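Presented below is the structure to which this report refers.
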Amino acid sequence: MSNNNDENVISSSTSENRLLAIISLVLLSFALGTSEFIVIGVLTEIAEGFNITEVKAGGLVSMFALAYSVCTPFSAAIAGKFNRFHFIIFAGILFIVGNFLCSLASNYTFLLIVRMFIAIISGALISVSISFSPYISTKDKRPMVVAWIYSGFSIASIFGVPIGTSISYYFGWRASFIFISIFSAVMLILMFITLPKNTPTHKVKLLGQFILFKDARFILSTFTILFGAASSYVLYTYLKPIFLNYIHIPNKYVSAALLVFGVTVLFSNLLSGKLAEHNGVYRLRYVFMMQFLCMIVLPFALLNAVSSSIVILIIGFLMYLMNSPVQLNILDFTEREYPSCLTLASSNNSFSFNFGIALGSFVGSSIFDNFGIRWVGFGGAVLSVLAFLSIVCLYKINNKNDNI
């Protein structure tokens, strides 16, 4: 029945409208990514502005991720009970207000609270945006549509964060959040015009959707994304200090360095869609093997600017390869077995990734405090092993279910 509804919604819109709808959701994820990652680009400025250490300022990253990951399953489950279009527009307005409030923050505590509020809204927004994918694309195109929606986060790394960092350099870090608010307002107008307004909703009790958490495939998918993201963010949280202190990039060129890193991350996201079309869950074991090797050699690579640059770019390329294969695997079995839980299922990558960011930031800051920033790679190596074990187990369970 749901497949027929999907086809009706798709057939009622022109290919041009569907393309614009996809673009609007990519711009949404770009805005969400810029808002989430901007703190990494202005970490030093925020620390100086509030007269706190960079480690404490890094708490803005870890607490954002923690609020995102803990609250997203609940906000996604709540969103699943409402009309998708109405919810995404309402949540988009709250997102704009939250970022504007960040620009007005008078102290660290206020900024932290508002950032956590934005995290909760962001989790709901990306979950609902992914749940639109069956209604704006055919099934064979869905892997690339999902990959493009997630690529907005990569594009944020390429353009949004460097632009925000440059704005911060010339006008102060508060101006970066004003930029995000203005861009998000434009994005919201495009979503209002292009997104389908009456997609099917399923009558289901709020807590009834959490039956997904009893499925071993959902649990292992969560651990795969969580540990994979944590491994990357042990490094990524402190990328700017590494650029400044180990690769010796002048502060005014850090934006350009983030731009180069962001390009590799974009390729990672787009290749993720291709990987999802070719038995991606199986191939991810090799991705995590490579991630492990990069993290092991990172402390020694940091002794040289060239070698450290190469290793960091490889880590960036591996960073998002897991996204589409794992998320599409979840959506496939959810549509077959738990059709009323589609919005919650769409949130898995988001809350898992942000649990990983929180864990990676915590592990990275602990190593930074006790041993120095050079050694964060060893923490990333341990986490990549856990991601490898999770994906191997997930592949085995998938095969077992397919053979029943």
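Including glycine, each Cβ sits where the backbone N, Cα and C put it.
For reference, TrEMBL has these:
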- 20-40: transmembrane segment (TRANSMEM)
- 21-402: domain 'Major facilitator superfamily (MFS) profile' (DOMAIN)
- 60-80: transmembrane segment (TRANSMEM)
- 87-106: transmembrane segment (TRANSMEM)
- 112-133: transmembrane segment (TRANSMEM)
- 145-171: transmembrane segment (TRANSMEM)
- 177-195: transmembrane segment (TRANSMEM)
- 216-238: transmembrane segment (TRANSMEM)
- 253-271: transmembrane segment (TRANSMEM)
- 292-321: transmembrane segment (TRANSMEM)
- 375-397: transmembrane segment (TRANSMEM)
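Stretch with the most C-beta contacts under 8 angstroms to the transmembrane segment (145-171), considering only 60-80, 112-133, 216-238, 253-271: 253-271. By the Cβ criterion (under 8 Å, sequence separation of 6 or more), the transmembrane segment (375-397) is not in contact with the transmembrane segment (253-271), since fewer than 3 such pairs are found. Between the transmembrane segment (216-238) and the transmembrane segment (112-133) there are fewer than 3 Cβ pairs closer than 8 Å, counting only residues 6 or more apart in sequence, so the two stretches are not in contact.
Segment contact holds for the transmembrane segment (177-195) and the transmembrane segment (20-40), given three or more CB pairs below 8 angstroms at sequence separation of 6 or more. Mean pLDDT across the domain 'Major facilitator superfamily (MFS) profile' (21-402) comes to 87 in this model.
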